[in-house]
Amino acid sequence: VIYRALSPANKIEDPYSPEAQDLLKLTNLRLLLLKRQECPCHGSGLVEKPQRFAHYAIYDLIVRGSCFCNGHAEECELVNRTGVVENMVHGKCVCRHNTAGDHCEKCAPLYNDQPWKPGDGKTGASNECRKCRCHNHAESCHFDLSVWLASGKRSGGVCDNCKHNTEGHRCQRCKPGYYRDRGKPMSSAEVCKPCACQPVGSANTTFSSSWRCHPRTGFCYCKPGVAGPNCDRCLVGYWGFGENGCRPCDCARDCDQHTGRCFNSYDSEPFFNIPIGGRIPDLVQTPTNESEEEWKWNDHEQGFSALRHPEKCVCKEKVLGSVADFCQMKYAYVIKARILSAHDKGTHAEVVVKVKKVLKSGKVKIARSNRSIYPESWTNRGCTCPILNPGTDYLIAGQEDSRTGKLLVNMNSLVKPWKAHLGKQVSDILRTGCK
C-alpha cells in the first residue's frame, strides 16, 4: 500500500496554501487490520486446527514525512536536542526569513511590521517578516491592525517596552521629562537627556507629574516674565525672579532685574535689525516633520513662552471699514511712521520708529522724531502682529498707556502701508467724522 498526500492527481500549485496544508498535516497514524489473508500453500487434505483469534504479520512498514515549516525552513532539528532516533522526523523547524516557532508559523519578536505570511510555493517568494523601526530602543514589537490600515498597509509594527527614556510606537521620541540631544542619532542609548528646568521659574500647570521641557529642544516652559532655556532668569523688561515668576518693569524701557530700578537708555540692551511680524527668523521655525522638528536658540536673543505655539503665527489684517467703525475704535494716536529696528524683549518687541507725521495724539505727546512703539501680541501668539517690516512707512492707529507713556500696537490697531490717499482719508475722518 502506498499513500501520497500530494499525488500527481491533486493539482495543487502552491504546497503552502491552506488547501495543501490540510492534506499534508498527518498525526497519530493508525493501521486497522480488517481481514486475514488465507494461506494458499495449504494442501486440500490438511485439516487446519481452528484458532480462537486471527493472527496477522506486518513487515516493511515505512512511514516517511517532513516537518511542516510553512516554506520558511529547509531543515528541522530536535525540539530539546536530545534523544536522537534514527530515521525520525524531527519536529522543530530551523526557521529563516525572520520567522519563529516550531513550524515558523509567526514572525520573530522584532519583525512584526507587516502580517506574517507563509512562503509562496508557486512563485518562490519568501514573504520575509519585516523588522520594526524601533531605533534600537526595543527588543520586540507587535503587529497592530489599526496602525497597519491607517498607514495604507505599509507599516503596522508597534514597539514594545521602549528603553532609554523613549516612547511612541516606534520609540521615536523622548518621554516627558526628557529632551532629544540633537548631537546624537535617534538610535543612540543616550539620545534622551533629562530636562534641566529651574523649579522656581518653571511652569508645570500643563504637566502634572514633573518639571518638563520641550521634547525636541530642551527649552523649559516658563512662568510669566521668566526667560532662558532653563527658566532661570527674568525676561528683559521684568524683574523680581521668584515663585510667581517675574514682574513687569514700571518703566517705558528696561529695569534692573533685582531691584526694578529703571534704565534710561538702551546701552545695556541688545539691539537688532530684525523684521517684526510673522515668524521671527532663527528663533521660530515651522517643522517639516516630526523627526526633524527643531528650534534655533541664539545666545544673544532671549526665548519666550510663545515657542510653544509657532503654528499660531498668522496675522489677520485689520481692514479700514466705515467711518463709524473707525471712530468706534477710539484710537488714542494716529501717525505716519517708518520702522527702523527692534529690540527683542522676549515677551514682546520694542520697535523703534521714526515718526514722520502726527495725525492724532492723546495724553502721550508725540513729536516728529524717533521713538518706540510696543506690539502687545508677542507672548500669546508667538510673533508680533500686525506685521511691521523695517524700512517701510506705515499708517499706524493704536492705543496708548498713559501711565508708562507707551504707544501700543495690537490686533485691534490699524496698520497699513502708507499711501497718500489713505492718509488723506483718515485725516478727513478724524477732522469731520469722529465727534
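Please read every residue number as a count from 1 along the shown chain.
Each residue, glycine too, has its Cβ placed from N, Cα and C.
Feature list (source: TrEMBL):
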DISULFID  Cys95-Cys104  disulfide bond
DISULFID  Cys162-Cys171  disulfide bond
DISULFID  Cys222-Cys231  disulfide bond
DOMAIN    1-66  domain 'Laminin N-terminal'
DOMAIN    67-131  domain 'Laminin EGF-like'
DOMAIN    132-194  domain 'Laminin EGF-like'
DOMAIN    195-248  domain 'Laminin EGF-like'
DOMAIN    313-434  domain 'NTR'
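Feature map: TrEMBL annotations on the structure.
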residue	record	contacts (Cβ under 8 Å, 6+ apart)
Cys95	disulfide bond	Cys69, His72, Ala73, Gly101, Cys104, Ala108
Cys162	disulfide bond	Cys134, His137, Ala138, Gly168, Cys171
Cys231	disulfide bond	Cys197, Gln198, Gly201, Ser202, Ala203, Cys220, Tyr221, Cys222, Lys223
Local confidence of the domain 'Laminin EGF-like' (195-248) - pLDDT mean: 77
Secondary structure composition of the domain 'NTR' (313-434) [DSSP: H/G/I, E/B, coil]: 24 helix, 51 strand, 47 coil
Around the Cβ of Cys222 (disulfide bond), the count of other Cβ atoms that are within 10 Å: 29
For the domain 'Laminin EGF-like' (132-194), residues assigned helix / strand / coil by DSSP: 6 helix, 16 strand, 41 coil
Number of Cβ atoms other than its own within 10 Å, given for Cys171 (disulfide bond): 29
The domain 'Laminin EGF-like' (67-131) - residue tally per DSSP class, helix then strand then coil: 0 helix, 13 strand, 52 coil
Cys222 (disulfide bond): secondary structure state under DSSP, collapsed to three categories: strand
